[in-house]
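Participant: The structure follows.
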Amino acid sequence: MKGPRTAVIAHKRPDAEKLKARKAEIKTTKEKGSKKNSAPKDPDAPKRPPSAFFVFMEEFRKSFKENFPENKSVSAVGKAGGAKWKSMSDSDKAPYAEKASNKKTEYEKAVEAYQKQKLNNNGDNEESEKSTSEIHDDAEHEASS
């Protein structure tokens, strides 16, 4: 059995300046991490297509609810779907992968159409470069002459 410690441990207090520097450094790293995707998302942009797993889960949820109507847990459905997906062979997953690739091609077409529409809308706004007061001033000038 060990005896009591006889040596006194001296507690050092860190300098206040060092503490402030550490806190400032932590805050800046948090801010940098939160600005990872700082570009605002356009609500009119087409949504990304689901992967093969999510296409599978759409069907699986329906069958799971039919087989287990008393089970209301979302996590149970997700766990059961994930376990079944892992146990499936590649040939079983093929129809879902094909559906997902079809949805991806549709998405790519929609993105192209959206980009063209966005470019057209930006090109048509040449009149908007003038402020409304300048437009009214031009109209008043023409009317007075």
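Heads up, the Cβ atoms here are built off N, Cα and C, so glycines get one too.
As annotated in TrEMBL:
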| type | residues | note |
| --- | --- | --- |
| REGION | 1-50 | region 'Disordered' |
| COMPBIAS | 12-47 | compositional bias 'Basic and acidic residues' |
| DOMAIN | 46-115 | domain 'HMG box' |
| DNA_BIND | 46-115 | DNA-binding region |
| REGION | 67-145 | region 'Disordered' |
| COMPBIAS | 87-111 | compositional bias 'Basic and acidic residues' |
| COMPBIAS | 128-145 | compositional bias 'Basic and acidic residues' |
Participant: Determine how many residues of the DNA-binding region (46-115) DSSP places in helix, in strand and in coil.
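Facilitator: Per DSSP, the residues of the DNA-binding region (46-115) fall into 56 helix, 0 strand, 14 coil.
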Participant: Restricting attention to the DNA-binding region (46-115), give the mean pLDDT.
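Facilitator: Taking every residue of the DNA-binding region (46-115) together, the mean pLDDT is 94.
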